[in-house]
Ligand code: DX5
Ligand code: ZN
């Protein structure tokens with residue numbers, strides 16, 4: 001699997017979601033940020049809108065749930081047809097049971113870590129997961145500055161995935177742009193979320209292509225990719 005580029009529709013026009021998602025038909029997934037104004041200080045959209053996006057868009061949906069009590073709410077996103085469902089470990093009461101429930105509902109199970117949450121306590125959980133999301137900003141808003149201090153965590157996470165010889169994708173989200181994507185790829189990321197870097201310009205589709213080319217090249221040169 002090559003690198004994957006997932007535009008975040010948080011930076012799209014919410015009144016024109018169908019049009020804006022069609023502009024990135026060359027993307028691998030549509031990244032949909034669900035925020036509940038409790039886990040993060042912002043409110044976006046919920047299951048009904050995700051269901052509408054699933055009907056309107058031809059691209060699979062990567063649902064990033066920044067919500068409290070994902071144990072209760074996340075499986076419904078899988079049942080609705082989101083191909084990948086990400087919950088935050090800081091909010092989950094029983095992450096193993098939740099990951100199993102998401103997989104049982106037919107989706108890829110993914111676990112997100114806020115910047116201050118270390119990966120090491122979760123090494124043994126990796127086989128239960130299809131993807132780890134390392135947040136490279138504090139979750140809640142698009143357009144924030146990339147946190148370079150997360151690069152060592154990306155590197156350590158990639159090492160743990162390699163150590164156990166797992167096929168777990170490593171996603172980064174927050175401040176990913178043409179300026180920062182190569183650093184993420186070099187450190188070990190292979191799935192890249194980009195909101196403002198895709199939608200703030202005039203041609204979102206071209207931005208996806210450009211990010212993909214940069215990430216592909218950086219992964220090609222990265223030492224972690226040679227062994228895996
Ligand atoms: C932030 C969200 C991101 C956000 C990224 O909490 O999870 O997906 O849309 O936006 P950019 O790429 O602009 O940082
Ligand atoms: Zn996100």
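Here the Cβ of each residue, glycine as well, is placed from N, Cα and C on the backbone.
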*asked:* Just to be sure I read the record right: 31, 33, 173 are listed as binding divalent metal cation in TrEMBL. Which of 64, 164 is listed for the same site?
replied: 64
_Same chain, 6+ residues apart, C-beta under 8 Å of the C-beta of residue 196 (substrate binding site), given in sequence order_ = 11, 142, 143, 177
*When distances run from the Cα of residue 33 (active site, proton acceptor) to each of the recorded positions 8, 64, 140, 173, 175, the nearest one*: 64
*Could you tell me the C-alpha distance between residue 8 (substrate binding site) and residue 173 (active site, proton donor) in angstrom, no decimals?*
9
*Among 8, 64, 140, 141, 142, 143, 173, 174, 175, 195, 196, which the record lists as binding substrate, how far apart in Å are the two most distant Cα atoms?*
16
*Can you tell me which of 33, 64, 140, 142, 173, 175, our recorded positions, come within under 6 Å of ligand 2 at the Cβ?*
33, 64, 173
*When you average the Cβ positions of 31, 33, 64, 173 for the divalent metal cation site, which other residues in that chain have a Cβ within 8 Å of that mean position?*
6, 8, 10, 32, 62, 86, 133, 193, 195
